[in-house]
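Per Swiss-Prot, these features apply:
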REGION    1-50  region 'Disordered'
LIPID     Gly2  N-myristoyl glycine
COMPBIAS  7-23  compositional bias 'Basic and acidic residues'
MOD_RES   Ser17  phosphoserine
MOD_RES   Ser34  phosphoserine
MOD_RES   Thr73  phosphothreonine
MOD_RES   Ser74  phosphoserine
DOMAIN    82-143  domain 'SH3'
DOMAIN    149-253  domain 'SH2'
MOD_RES   Tyr185  phosphotyrosine
DOMAIN    268-521  domain 'Protein kinase'
BINDING   Leu274, Gly275, Gln276, Gly277, Cys278, Phe279, Gly280, Glu281, Val282, Lys296  ATP binding site
ACT_SITE  Asp387  active site, proton acceptor
MOD_RES   Tyr417  phosphotyrosine
MOD_RES   Tyr417  phosphotyrosine
MOD_RES   Tyr437  phosphotyrosine
MOD_RES   Cys499  S-nitrosocysteine
MOD_RES   Thr509  phosphothreonine
MOD_RES   Tyr520  phosphotyrosine
MOD_RES   Tyr528  phosphotyrosine
Amino acid sequence: MGGVKSKPKELGQRSRSLDDGTGGHHHHTPNPTSFTPNRSPPVEGSRRGTQPNIINAEQALFGGVNSTTNSITSPNRIGILGGVTTFVALYDYESRTASDLSFRKGERLQIVNNTEGDWWLARSLTTGESGYIPSNYVAPSDSIQAEEWYFGKITRRDSERLLLNLENRRGTFLVRESETTKGAYCLSVLDYDNVKGLNVKHYKIRKLDSGGFYITSRTQFSTLQQLVNHYRQHADGLCHSLTDVCPVLKPPTQGLARDAWEIPRDSLRLDVKLGQGCFGEVWMGTWNGTTRVAIKTLKPGTMSPEAFLQEAQVMKKLRHEKLVQLYAVVSEEPIYIVTEYMGQGSLLDFLKGDMGKMLRLPQLVDMASQIASGMAYVERMNYVHRDLRAANILVGDNLVCKVADFGLARLIEDNEYTARQGAKFPIKWTAPEAALYGRFTIKSDVWSFGILLTELTTKGRVPYPGMVNREVLDQVERGYRMPCPAECPDSLHELMLTCWRKEPEERPTFEYLQGFLEDYFTSTEPQYQPGENL
């Protein structure tokens, strides 16, 4: 780890007294490997906290971080009504249409009109040119949101995902809002020692009534900027002095551009065929000659264009960093569905491929927690997926997982599918009340999530091996449940069994599943040791 020294004993004791105000709060990921979720490798552009010219096309253009949930990188919105008219660019942006405005990180912009939601009309104070800009790419000048180290409403778990990257050195840091104390902040710092390896320490930044800030009351600062600068110069009780700002990729824009929803077919180019299913194909493509996207083409007759367009209006409002973002549609047959592009394809193919062989339980559980996070949002929005399985989860670089194809299953008009029997219907993933009586709810999605956990722990094996669909339905009705997969801890199999309870209301919520999986290696399996496969 590049000259890491053991910290002195007294420093360790002082650190424990400072951390989170309660003592030594840190999170350790067992057996850290190169699989550090939520980071993607370089492609183009720039990322906050590093030198320019490093960005991932998938995340930059289609990363799914949103304004309706905790966002990794979006600044808090501040309107121009209060006299704040000058904003600063947080990232580079290349225009995608004639009405867009290109700008560079650090450029100052005057907001002309911010009443149109996700895209604001702005004028560059550098070039004098005007055009539309993505509102989540700018922050008010001289505000905390404009600081490279300020990550806003990022969760504790996401801060750890970002910091626990093997490219980061000891002392890499970020500042975020406290999840537990309103108005307070948290300083998250990457640490390393020979016993725990890489781990993240979290220090609560408390606010004085007079407006100042402190981690320990003997050292107080009038601004957060002064606090950060102080701990850059001296560890002063922290696990390490602050070194680098945590790198983060550009967030996605909300939509492809202003007013780009129902788009002409000729604005899309199908570049590389990625897959084919019962109802259509999936392509990597390009929109408007500028923007990489994924395009799902549906066979004519698969669903009613009118019903699809109505459902798509709901689907496009679902915005969460763990849901694949719906960007645009071609609403005449053959229907095209345009979404963000995920570079590693479906989770099922990923698990069965070369990368799958290298995955161990910490990475698999982290992927499961990301899926549960996306589904917890679906749960909060009172929506239902209806077809949750590894084939409908997409993987980005560095094990970012996102839920795809939510809500589409309801619209399929194929007789063999709607009868819930035959090869086209995913019986093995479907809860009995949904398969037998068509009762699809978020609780039938929870059942499917339990099946998905078996796909993860068996690296993509088909559920109920050796059994045909009809047999599965009969056996499950009689109380049969799949046994614990090889090397899978009993505690994880017990979680699967709770997802497969006969009575839907007795199954856990996705909110519970997310919390259980995020804390799995601290609360449930702290003694985990890697095995041959898991």
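Backbone N, Cα and C atoms are what each Cβ position is placed from, and that goes for glycine too.
Known features from Swiss-Prot, placed on the structure.
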residue	record	DSSP (3 states)
Tyr185	phosphotyrosine	strand
Leu274	ATP binding site	strand
Gly280	ATP binding site	strand
Asp387	active site, proton acceptor	coil
Tyr437	phosphotyrosine	helix
Thr509	phosphothreonine	coil
Tyr520	phosphotyrosine	helix
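Of the chain residues outside the ATP site list Leu274, Gly275, Gln276, Gly277, Cys278, Phe279, Gly280, Glu281, Val282, Lys296, Thr297 have their Cβ within 8 Å of the site's Cβ mean position. Residue pair Val282 (ATP binding site) / the residue listed as 'active site, proton acceptor' shows a Cα separation of 17 Å. Ranked by Cα separation from Tyr185 (phosphotyrosine), the recorded positions Leu274, Cys278, Gly280, Asp387 are led by Asp387. Sparsest Cβ environment among the recorded positions Gln276, Thr509 (other Cβ atoms counted within 10 Å): Gln276. The distance from the Cα of Tyr437 (phosphotyrosine) to the Cα of the residue listed as 'active site, proton acceptor' comes to 16 Å. In this structure, the modified residues Tyr185, Tyr437, Tyr520, Tyr528 were compared by how many other Cβ atoms lie within 10 Å of their Cβ, and the smallest count belongs to Tyr437. Looking at the residues that bind ATP per the record, Leu274, Gly275, Gln276, Gly277, Cys278, Phe279, Gly280, Glu281, Val282, Lys296, the two CA atoms farthest apart are separated by 14 Å. In the three-state DSSP classification, the residue listed as 'S-nitrosocysteine' falls within a helix. In this structure, the CA atom of Leu274 (ATP binding site) is 32 Å away from the CA atom of Cys499 (S-nitrosocysteine). The two recorded residues Asp387 (active site, proton acceptor) and Gly280 (ATP binding site) have their Cα atoms spaced 16 Å from each other. Taking each Cβ in turn and tallying the other Cβ atoms within 10 Å, the top scorer among the recorded positions Leu274, Cys499 is Cys499.
Checking each of the binding-site residues Gln276, Cys278, Gly280 against Cys499 (S-nitrosocysteine) by C-alpha distance, the shortest gap belongs to Cys278.
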